[in-house]
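The structure is given below, and queries will be raised subsequently.
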Amino acid sequence: MIADSFGRVHDYLRISLTDNCNFRCFYCMPEEDYDFTPASRLMQPDEILTLAKIFVEQGVKKIRLTGGEPLVRKDAAEIIAELGKLPVELVITTNGTRIAEMLPTLIAAGIKSINISLDTLQPEKFFMITRRDLFHQVRSNIELLLQNKITVKINMVVMKGLNDNEIKDFIEWTKHNPVQIRFIEFMPFSGNKWTSNKLFSLDEILATVEEDFTVLPVKAAPHDTAKSFMIPGHEGSFAIISTMTAPFCSTCNRMRLTADGKLKNCLFSDGETDLLTALRNKEEILPLIKASIWSKKKELGGQLGKHFETLDADSIVNRSMITIGG
Ligand code: SAM
Ligand code: SF4
(Lines of atoms letter the chains of each structure in order from A and count residues from 1; the text may use other names and numbers.)
(Lines give C-alpha, C1' and ligand atoms only; values in the text may rest on other atoms or scores of the structure.)
(Ligands and ions follow the chains in the order given, each with its own letter.)
Protein backbone atom coordinates (compact mmCIF):
# COMPACT_ATOMS: atom_id res chain seq x y z
CA MET A 1 0.00 0.00 0.00
CA ILE A 2 1.22 3.51 -0.79
CA ALA A 3 0.00 6.18 1.63
CA ASP A 4 0.90 9.73 2.59
CA SER A 5 1.31 11.27 6.04
CA PHE A 6 -2.33 12.44 6.00
CA GLY A 7 -3.64 8.87 5.65
CA ARG A 8 -4.55 9.17 1.99
CA VAL A 9 -4.06 5.83 0.22
CA HIS A 10 -2.74 6.22 -3.32
CA ASP A 11 -4.06 3.67 -5.80
CA TYR A 12 -4.31 5.66 -9.03
CA LEU A 13 -1.28 6.23 -11.27
CA ARG A 14 -1.16 8.57 -14.25
CA ILE A 15 1.63 7.75 -16.67
CA SER A 16 2.76 10.29 -19.26
CA LEU A 17 4.00 8.49 -22.38
CA THR A 18 5.57 11.54 -23.99
CA ASP A 19 5.89 15.31 -23.74
CA ASN A 20 5.51 15.47 -27.52
CA CYS A 21 2.24 16.55 -29.08
CA ASN A 22 0.72 17.20 -32.48
CA PHE A 23 -1.21 20.19 -31.04
CA ARG A 24 0.08 23.47 -29.64
CA CYS A 25 -2.62 24.40 -27.10
CA PHE A 26 -1.45 27.74 -25.70
CA TYR A 27 -2.67 27.03 -22.16
CA CYS A 28 -0.69 23.80 -21.95
CA MET A 29 2.65 24.54 -23.62
CA PRO A 30 5.16 27.25 -22.76
CA GLU A 31 5.11 30.04 -25.34
CA GLU A 32 8.85 30.12 -25.98
CA ASP A 33 10.44 27.52 -28.30
CA TYR A 34 9.94 24.17 -26.73
CA ASP A 35 12.16 21.13 -27.32
CA PHE A 36 10.53 17.76 -26.80
CA THR A 37 12.51 15.30 -24.69
CA PRO A 38 14.71 13.05 -26.88
CA ALA A 39 13.52 9.42 -27.05
CA SER A 40 16.55 8.07 -25.14
CA ARG A 41 15.57 10.12 -22.07
CA LEU A 42 11.99 8.86 -22.11
CA MET A 43 10.96 5.71 -20.29
CA GLN A 44 11.22 2.80 -22.71
CA PRO A 45 8.34 0.28 -23.00
CA ASP A 46 10.01 -2.30 -20.73
CA GLU A 47 10.83 0.42 -18.17
CA ILE A 48 7.24 1.66 -18.14
CA LEU A 49 6.03 -1.88 -17.59
CA THR A 50 8.56 -2.58 -14.81
CA LEU A 51 7.61 0.60 -12.95
CA ALA A 52 3.88 0.07 -13.51
CA LYS A 53 4.14 -3.45 -12.05
CA ILE A 54 5.77 -2.10 -8.87
CA PHE A 55 2.85 0.30 -8.40
CA VAL A 56 0.28 -2.43 -9.14
CA GLU A 57 1.92 -4.75 -6.58
CA GLN A 58 1.41 -1.92 -4.07
CA GLY A 59 -2.32 -1.73 -4.71
CA VAL A 60 -2.68 0.57 -7.70
CA LYS A 61 -6.05 -0.20 -9.30
CA LYS A 62 -6.26 2.36 -12.06
CA ILE A 63 -3.74 3.63 -14.61
CA ARG A 64 -4.39 6.58 -16.90
CA LEU A 65 -2.15 7.17 -19.91
CA THR A 66 -1.59 10.80 -20.78
CA GLY A 67 1.04 13.20 -22.07
CA GLY A 68 1.72 15.31 -24.19
CA GLU A 69 -0.31 13.38 -26.62
CA PRO A 70 0.06 9.71 -25.65
CA LEU A 71 -1.02 8.39 -29.04
CA VAL A 72 1.70 10.21 -31.03
CA ARG A 73 4.35 8.01 -29.46
CA LYS A 74 5.48 5.52 -32.14
CA ASP A 75 5.48 2.55 -29.74
CA ALA A 76 2.21 3.57 -28.03
CA ALA A 77 0.43 0.42 -29.30
CA GLU A 78 3.10 -1.85 -27.80
CA ILE A 79 2.98 -0.04 -24.43
CA ILE A 80 -0.83 -0.03 -24.30
CA ALA A 81 -1.00 -3.75 -25.15
CA GLU A 82 1.44 -4.62 -22.32
CA LEU A 83 -0.25 -2.39 -19.72
CA GLY A 84 -3.59 -3.90 -20.77
CA LYS A 85 -2.42 -7.23 -19.36
CA LEU A 86 -2.07 -5.81 -15.83
CA PRO A 87 -4.94 -6.26 -13.35
CA VAL A 88 -5.95 -2.58 -13.43
CA GLU A 89 -8.56 -0.35 -14.99
CA LEU A 90 -6.68 1.18 -17.93
CA VAL A 91 -7.91 4.53 -19.29
CA ILE A 92 -6.47 7.29 -21.45
CA THR A 93 -6.66 11.04 -21.98
CA THR A 94 -6.07 12.11 -25.58
CA ASN A 95 -6.67 14.99 -27.95
CA GLY A 96 -8.61 12.53 -30.08
CA THR A 97 -6.72 12.90 -33.36
CA ARG A 98 -5.36 9.33 -33.51
CA ILE A 99 -8.40 7.42 -32.29
CA ALA A 100 -9.42 5.88 -35.63
CA GLU A 101 -6.10 4.10 -36.25
CA MET A 102 -5.60 3.17 -32.58
CA LEU A 103 -9.10 1.93 -31.83
CA PRO A 104 -8.38 -1.82 -32.27
CA THR A 105 -5.38 -1.50 -29.91
CA LEU A 106 -7.41 0.42 -27.33
CA ILE A 107 -10.28 -2.07 -27.41
CA ALA A 108 -7.93 -5.08 -27.27
CA ALA A 109 -6.25 -3.58 -24.17
CA GLY A 110 -9.63 -3.42 -22.44
CA ILE A 111 -9.95 0.36 -22.45
CA LYS A 112 -13.62 1.22 -21.90
CA SER A 113 -13.49 4.92 -21.08
CA ILE A 114 -11.63 7.68 -22.93
CA ASN A 115 -11.24 11.36 -22.04
CA ILE A 116 -10.98 13.61 -25.08
CA SER A 117 -9.96 17.26 -24.91
CA LEU A 118 -12.19 19.61 -26.83
CA ASP A 119 -12.39 23.23 -25.72
CA THR A 120 -14.71 24.56 -28.40
CA LEU A 121 -17.36 23.40 -30.85
CA GLN A 122 -16.29 26.06 -33.37
CA PRO A 123 -13.69 24.99 -35.98
CA GLU A 124 -12.04 28.44 -36.23
CA LYS A 125 -11.68 28.76 -32.47
CA PHE A 126 -10.37 25.20 -32.34
CA PHE A 127 -7.61 26.25 -34.75
CA MET A 128 -6.86 29.33 -32.66
CA ILE A 129 -6.44 27.25 -29.49
CA THR A 130 -4.59 24.21 -30.90
CA ARG A 131 -2.90 25.75 -34.01
CA ARG A 132 -4.09 22.69 -35.92
CA ASP A 133 -6.97 22.38 -38.39
CA LEU A 134 -8.23 19.05 -37.05
CA PHE A 135 -11.60 19.89 -35.48
CA HIS A 136 -13.62 17.66 -37.82
CA GLN A 137 -11.23 14.74 -37.34
CA VAL A 138 -11.61 14.95 -33.55
CA ARG A 139 -15.42 15.24 -33.80
CA SER A 140 -15.69 12.21 -36.10
CA ASN A 141 -13.41 10.20 -33.81
CA ILE A 142 -15.70 11.03 -30.88
CA GLU A 143 -18.63 9.65 -32.92
CA LEU A 144 -16.58 6.54 -33.67
CA LEU A 145 -16.01 5.93 -29.95
CA LEU A 146 -19.71 6.37 -29.20
CA GLN A 147 -20.63 3.91 -31.98
CA ASN A 148 -18.26 1.43 -30.34
CA LYS A 149 -20.00 1.95 -26.99
CA ILE A 150 -16.91 3.39 -25.34
CA THR A 151 -17.58 5.88 -22.54
CA VAL A 152 -16.57 9.35 -23.70
CA LYS A 153 -15.73 12.20 -21.36
CA ILE A 154 -14.97 15.57 -22.93
CA ASN A 155 -12.43 17.79 -21.18
CA MET A 156 -13.22 21.46 -21.79
CA VAL A 157 -10.90 24.01 -20.16
CA VAL A 158 -13.07 27.06 -19.59
CA MET A 159 -11.31 30.39 -20.14
CA LYS A 160 -13.09 33.68 -19.54
CA GLY A 161 -13.72 35.62 -22.74
CA LEU A 162 -12.56 32.74 -24.92
CA ASN A 163 -15.01 29.86 -24.62
CA ASP A 164 -17.22 30.51 -21.57
CA ASN A 165 -19.91 31.58 -24.06
CA GLU A 166 -20.01 27.96 -25.34
CA ILE A 167 -20.87 26.30 -22.03
CA LYS A 168 -24.55 26.03 -22.98
CA ASP A 169 -23.67 24.64 -26.45
CA PHE A 170 -21.72 21.85 -24.76
CA ILE A 171 -24.70 21.20 -22.48
CA GLU A 172 -27.00 21.04 -25.54
CA TRP A 173 -24.68 18.36 -26.94
CA THR A 174 -25.48 16.14 -23.93
CA LYS A 175 -29.20 16.22 -24.73
CA HIS A 176 -29.11 13.42 -27.32
CA ASN A 177 -25.58 12.06 -26.79
CA PRO A 178 -24.27 9.97 -23.88
CA VAL A 179 -21.19 12.14 -23.35
CA GLN A 180 -20.02 13.60 -20.06
CA ILE A 181 -18.70 17.16 -20.40
CA ARG A 182 -16.03 17.96 -17.83
CA PHE A 183 -15.66 21.72 -17.47
CA ILE A 184 -12.15 22.37 -16.10
CA GLU A 185 -11.08 25.55 -14.33
CA PHE A 186 -8.06 27.08 -16.05
CA MET A 187 -4.91 26.29 -14.00
CA PRO A 188 -1.51 28.01 -13.83
CA PHE A 189 1.59 26.15 -15.09
CA SER A 190 5.06 27.27 -16.13
CA GLY A 191 4.90 29.52 -19.16
CA ASN A 192 1.12 29.42 -19.78
CA LYS A 193 0.46 33.08 -18.94
CA TRP A 194 -2.27 32.26 -16.43
CA THR A 195 -3.94 35.21 -14.74
CA SER A 196 -6.84 35.06 -12.32
CA ASN A 197 -9.09 37.16 -14.59
CA LYS A 198 -9.01 34.36 -17.20
CA LEU A 199 -10.44 31.91 -14.68
CA PHE A 200 -14.12 31.00 -15.08
CA SER A 201 -14.99 29.44 -11.75
CA LEU A 202 -17.15 26.53 -10.58
CA ASP A 203 -19.80 28.99 -9.36
CA GLU A 204 -19.80 30.88 -12.66
CA ILE A 205 -20.03 27.68 -14.73
CA LEU A 206 -22.90 26.38 -12.64
CA ALA A 207 -24.75 29.70 -12.73
CA THR A 208 -24.38 29.79 -16.53
CA VAL A 209 -25.86 26.31 -16.96
CA GLU A 210 -28.64 27.03 -14.48
CA GLU A 211 -29.78 30.03 -16.52
CA ASP A 212 -31.28 27.64 -19.10
CA PHE A 213 -31.38 24.16 -17.55
CA THR A 214 -32.57 22.37 -14.42
CA VAL A 215 -29.44 20.99 -12.77
CA LEU A 216 -29.41 18.10 -10.30
CA PRO A 217 -26.27 17.10 -8.36
CA VAL A 218 -25.04 13.50 -8.66
CA LYS A 219 -23.53 11.77 -5.60
CA ALA A 220 -19.73 11.76 -5.85
CA ALA A 221 -17.67 8.55 -5.89
CA PRO A 222 -14.98 8.38 -3.14
CA HIS A 223 -12.03 9.88 -5.10
CA ASP A 224 -13.86 12.02 -7.62
CA THR A 225 -12.02 15.16 -8.62
CA ALA A 226 -15.13 16.44 -10.33
CA LYS A 227 -18.47 17.57 -9.03
CA SER A 228 -21.01 15.76 -11.20
CA PHE A 229 -24.44 16.90 -12.32
CA MET A 230 -27.30 15.71 -14.48
CA ILE A 231 -30.03 17.47 -16.38
CA PRO A 232 -33.41 15.70 -16.50
CA GLY A 233 -34.10 14.41 -20.02
CA HIS A 234 -30.46 14.60 -21.17
CA GLU A 235 -28.69 11.41 -22.25
CA GLY A 236 -25.34 12.80 -21.19
CA SER A 237 -24.22 14.65 -18.08
CA PHE A 238 -21.66 17.20 -16.96
CA ALA A 239 -19.08 17.72 -14.26
CA ILE A 240 -16.91 20.56 -13.02
CA ILE A 241 -13.26 20.21 -12.04
CA SER A 242 -12.75 23.11 -9.66
CA THR A 243 -9.09 22.72 -8.77
CA MET A 244 -8.64 26.46 -8.31
CA THR A 245 -11.75 27.52 -6.37
CA ALA A 246 -12.76 24.29 -4.57
CA PRO A 247 -9.94 21.71 -4.73
CA PHE A 248 -10.45 18.01 -4.03
CA CYS A 249 -7.16 17.39 -2.23
CA SER A 250 -8.59 15.79 0.92
CA THR A 251 -9.48 12.59 -0.95
CA CYS A 252 -6.61 12.61 -3.46
CA ASN A 253 -5.34 9.17 -4.50
CA ARG A 254 -3.25 10.22 -7.52
CA MET A 255 0.40 9.86 -8.42
CA ARG A 256 1.99 11.05 -11.64
CA LEU A 257 4.87 9.54 -13.55
CA THR A 258 6.31 11.95 -16.12
CA ALA A 259 7.48 10.70 -19.52
CA ASP A 260 11.10 11.05 -18.36
CA GLY A 261 10.40 8.84 -15.37
CA LYS A 262 10.02 11.35 -12.53
CA LEU A 263 7.39 10.73 -9.86
CA LYS A 264 5.31 13.78 -8.93
CA ASN A 265 3.20 13.34 -5.82
CA CYS A 266 0.91 16.23 -6.81
CA LEU A 267 0.09 18.15 -9.98
CA PHE A 268 1.47 21.25 -8.25
CA SER A 269 4.42 19.71 -6.40
CA ASP A 270 7.66 21.67 -6.68
CA GLY A 271 9.74 18.51 -6.32
CA GLU A 272 9.96 15.18 -8.10
CA THR A 273 11.66 11.82 -7.59
CA ASP A 274 13.74 10.35 -10.39
CA LEU A 275 12.56 6.74 -10.69
CA LEU A 276 13.96 6.18 -14.17
CA THR A 277 17.58 6.93 -13.28
CA ALA A 278 17.23 4.76 -10.19
CA LEU A 279 15.82 1.94 -12.30
CA ARG A 280 18.65 2.23 -14.82
CA ASN A 281 21.16 2.21 -11.91
CA LYS A 282 19.46 -0.94 -10.58
CA GLU A 283 18.54 0.79 -7.31
CA GLU A 284 15.50 -0.17 -5.24
CA ILE A 285 12.43 1.69 -6.49
CA LEU A 286 9.78 1.04 -3.85
CA PRO A 287 11.44 3.03 -1.01
CA LEU A 288 11.71 6.00 -3.38
CA ILE A 289 8.01 5.80 -4.26
CA LYS A 290 6.98 5.48 -0.61
CA ALA A 291 9.16 8.41 0.50
CA SER A 292 7.87 10.61 -2.30
CA ILE A 293 4.21 9.99 -1.50
CA TRP A 294 4.81 10.26 2.25
CA SER A 295 6.19 13.77 1.70
CA LYS A 296 3.09 14.89 -0.22
CA LYS A 297 1.73 18.24 0.96
CA LYS A 298 -1.81 18.56 2.29
CA GLU A 299 -3.15 20.74 -0.54
CA LEU A 300 -2.12 21.83 -4.04
CA GLY A 301 1.55 20.96 -3.58
CA GLY A 302 1.73 23.54 -0.80
CA GLN A 303 2.09 26.19 -3.48
CA LEU A 304 -1.38 27.52 -4.28
CA GLY A 305 -3.32 29.18 -1.51
CA LYS A 306 -7.10 29.33 -1.37
CA HIS A 307 -7.19 32.90 -2.71
CA PHE A 308 -6.57 32.49 -6.41
CA GLU A 309 -7.41 36.19 -7.01
CA THR A 310 -4.06 37.21 -5.51
CA LEU A 311 -2.05 34.27 -6.84
CA ASP A 312 1.19 35.21 -8.61
CA ALA A 313 1.52 32.42 -11.20
CA ASP A 314 5.22 33.25 -11.76
CA SER A 315 6.01 32.36 -8.15
CA ILE A 316 4.93 28.72 -8.64
CA VAL A 317 7.79 26.25 -9.08
CA ASN A 318 6.58 23.58 -11.49
CA ARG A 319 6.80 22.18 -14.99
CA SER A 320 4.53 23.11 -17.89
CA MET A 321 1.39 20.95 -18.13
CA ILE A 322 2.61 19.24 -21.31
CA THR A 323 5.70 17.94 -19.46
CA ILE A 324 3.78 16.83 -16.36
CA GLY A 325 1.00 14.86 -17.98
CA GLY A 326 -2.40 16.27 -17.18
N1 SAM B 1 -2.94 15.52 -25.09
C2 SAM B 1 -3.93 14.95 -24.27
C3 SAM B 1 -5.15 15.83 -24.22
O4 SAM B 1 -5.08 16.97 -24.66
O5 SAM B 1 -6.17 15.36 -23.73
C6 SAM B 1 -3.47 14.58 -22.86
C7 SAM B 1 -2.59 15.55 -22.14
S8 SAM B 1 -3.35 17.11 -21.70
C9 SAM B 1 -2.01 17.89 -20.83
C10 SAM B 1 -4.44 16.58 -20.41
C11 SAM B 1 -5.52 17.54 -20.03
O12 SAM B 1 -4.95 18.66 -19.39
C13 SAM B 1 -6.31 18.09 -21.21
O14 SAM B 1 -7.68 17.84 -21.02
C15 SAM B 1 -6.03 19.55 -21.18
O16 SAM B 1 -7.13 20.29 -21.62
C17 SAM B 1 -5.73 19.79 -19.71
N18 SAM B 1 -4.96 21.00 -19.48
C19 SAM B 1 -3.80 21.38 -20.06
N20 SAM B 1 -3.40 22.58 -19.59
C21 SAM B 1 -4.33 22.97 -18.68
C22 SAM B 1 -4.49 24.12 -17.86
N23 SAM B 1 -3.61 25.11 -17.87
N24 SAM B 1 -5.57 24.19 -17.06
C25 SAM B 1 -6.48 23.19 -17.04
N26 SAM B 1 -6.39 22.07 -17.78
C27 SAM B 1 -5.33 21.97 -18.60
FE1 SF4 C 1 -1.20 18.65 -26.63
FE2 SF4 C 1 -3.11 17.93 -24.93
FE3 SF4 C 1 -1.44 19.91 -24.31
FE4 SF4 C 1 -3.18 20.32 -26.23
S5 SF4 C 1 -3.67 19.90 -24.06
S6 SF4 C 1 -0.97 20.82 -26.31
S7 SF4 C 1 -3.36 18.32 -27.10
S8 SF4 C 1 -0.91 17.81 -24.56
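Glycine is treated like the rest: Cβ placed from N, Cα and C.
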Among THR93, THR94, THR120, which is the one TrEMBL gives for the GTP site where ARG14, ARG64, LYS153, ARG254, MET255, ARG256 also bind?
THR93
When the pLDDT values for the domain 'Radical SAM core' (5-224) are averaged, what is the result?
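A mean pLDDT of 95 is what the predicted model shows over the domain 'Radical SAM core' (5-224).
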I'd like to verify something. Among the binding-site residues GLY68, LYS153, MET255, which ones have a C-beta closer than 6 angstroms to some atom of ligand 2?
GLY68
Distance between MET255 (GTP binding site) and SER117 (S-adenosyl-L-methionine binding site) at the Cα atoms, whole Å?
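Their Cα atoms are separated by 21 Å.
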Of ARG64, MET187, CYS252, which is closest to CYS28 ([4Fe-4S] cluster 1 binding site) if I measure between C-alpha atoms? They're all binding-site residues.
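Nearest listed residue in space: MET187.
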